[in-house]
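*Asks:* Straight from Swiss-Prot, here's the annotation block:
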ACT_SITE  Glu181  active site, proton acceptor
BINDING   Asp45, Ser46, Asp84, Lys112  3-methyl-2-oxobutanoate binding site
BINDING   Asp45, Asp84, Glu114  Mg(2+) binding site
Amino acid sequence: MPDVTLTTLQSLKQGGDKIAMLTCYDATFARAACQAGVDVLLVGDSLGMVLQGHDSTLPVSVEEMAYHTACVKRGNQGALILTDLPFMAYATAEQAMNNSARLMQAGAHMVKLEGAGWLAEPIRLLAERGVPVCAHLGLTPQAVNILGGYKVQGRQEAQARQMRADAMALEQAGAAMLLLECVPSELAAEITQAVKIPVIGIGAGAATDGQVLVQHDMLGLSLSGRAPKFVRNFMEGQSSIHGALSAYVQAVKDGSFPAAEHGFSA
């Protein structure tokens, strides 16, 4: 198969074909995910929680993100690698450019920034300099202390209206992809229709252009022992991790995941 690029993802959206994304932090899992047909490997700052055992993503550094990106690159077999810029790594224009360069040099094909409409300026700066950006809206874990916990975002009409406006503004600024986390399914569907760029969901219903899960969650592993509402354990009925990965990709591609039970209402 040819390598997955931004053009590939755009074509999948235009053709109505779903995009399968999964978090990945090492070479071995990267290879297995690629063999299962995962389109995008997300080197997420979620590693701070699932690998390092922190109670949030805030302690993760750019150096750690670059290290895991390089690990994933070595095992990658054609997927697009998307890497998170961690907490406060893009607080200024200079930080955004320097830290994005560090991650791209480590092997990322694209970087992800969490926030809202204020991301327009760093996205514009990065896009103009050849760095593809995915904007992350909705529940943004780096802002967990402001949000008051890990809660669904966009349930109030004012919030929903602002999120729709932010999505369109960030596309206009140059964002090449959008990720919506813990957003009411109806709102996510509206945003997906309103923008031309691919929209990936996690806890955002089935109408987005693709889905992403944290690898540990989809394998039934959790430090807390309780999976979020939007997670399905793909190890159930499977005898191997390879089987679970293939089942995840198939379920995303054929639209059977997520089901209505995995989404949120307004």
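Each residue's number is its place along the chain shown, starting with 1.
Glycine is treated like the rest: Cβ placed from N, Cα and C.
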*Asks:* Setting Asp45, Ser46, Asp84, Lys112 aside, what same-chain residues sit with their Cβ within 8 Å of the center of the Cβ atoms that define the 3-methyl-2-oxobutanoate site, listed in sequence order?
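*Replies:* Those within range, site residues removed, are Leu42, Val43, Gly44, Leu47, Thr57, Val60, Met65, Thr83, Leu85, Pro86, Glu114, Pro141.
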*Asks:* Using a Cβ cut-off under 8 Å and a sequence separation of 6 or more, which residues in the same chain sit near Asp84 (3-methyl-2-oxobutanoate binding site)?
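*Replies:* When sequence neighbours closer than 6 are ignored, Asp84 (3-methyl-2-oxobutanoate binding site) has Leu42, Val43, Gly44, Asp45, Ser46, Thr57, Met65, Val111, Lys112, Glu114 within Cβ distance under 8 Å.
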*Asks:* Out of Asp45, Glu114, Glu181, which has the highest number of nearby Cβ atoms, where nearby means within 10 Å of its Cβ, if these are the recorded positions?
*Replies:* Asp45
*Asks:* Using a 10 Å radius around each Cβ and counting other Cβ atoms from all shown chains, which of the binding-site residues Ser46, Lys112 yields the largest count?
*Replies:* Lys112
*Asks:* Please report the DSSP secondary structure of Ser46 (3-methyl-2-oxobutanoate binding site), reduced to three states.
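*Replies:* The residue in question, Ser46 (3-methyl-2-oxobutanoate binding site), is coil (DSSP, three-state).
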